[in-house]
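As given in Swiss-Prot:
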type	residues	note
BINDING	45, 47, 62, 119	Cu cation binding site
DISULFID	56-145	disulfide bond
BINDING	62, 70, 79, 82	Zn(2+) binding site
């Protein structure tokens, strides 16, 4: 059974991101567009809570149900919500195209109901040596976010 979800991002960065997964055994395809980004890399993460009552700050930390350190999408030791970076050219829109085999739209670890956050700076993928590298990727301010909701198939 295919599951689809959508996230409308608001803030200084704005856009729409779609999620699609064919089954619980297949990767999630993430696609969409974001505007309002400066040229360069921007951290792109799923955060724990679907709470945006205090803007992006109330979405909590990266979604990390297994208590791992921050890492790159290809790392075994990473938060489930660590989706790496999206690259902006400085022109609108910035395209989002990610395929990830760790996140899911099924079961207890589903990202549906959680928040996507776009950050001001590049995610150093846990390798930067900064005090925040192993927790946030030192990706800077939260400049856009939205709750992931289930979408019509």
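Here the Cβ of each residue, glycine as well, is placed from N, Cα and C on the backbone.
Features as recorded by Swiss-Prot, highlighted on the structure.
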residue: 45; record: Cu cation binding site; contacts (Cβ under 8 Å, 6+ apart): 62, 63, 79, 81, 82, 83, 116, 117, 119, 123, 137, 139
residue: 47; record: Cu cation binding site; contacts (Cβ under 8 Å, 6+ apart): 56, 59, 60, 61, 62, 63, 81, 114, 115, 116, 117, 145
residue: 70; record: Zn(2+) binding site; contacts (Cβ under 8 Å, 6+ apart): 62, 78, 79, 82, 125, 126, 133, 134, 135, 136, 137
Item checked: Remaining residues near the recorded Zn(2+) site, that is with C-beta within 8 Å of the centroid of the site residues 62, 70, 79, 82 -> 45, 63, 64, 68, 69, 71, 78, 80, 81, 126, 135, 136, 137
Check: How many neighbouring Cβ atoms, not counting its own, are there within 10 Å of the Cβ of residue 56 (disulfide bond)?
Finding: 23
Check: For the recorded Cu cation site formed by 45, 47, 62, 119, which further same-chain residues have Cβ atoms within 8 Å of the site's Cβ center?
Finding: 43, 44, 46, 59, 61, 63, 81, 82, 117, 136, 139, 142
Item checked: Neighbour count (Cβ, 10 Å) for residue 145 (disulfide bond) -> 24
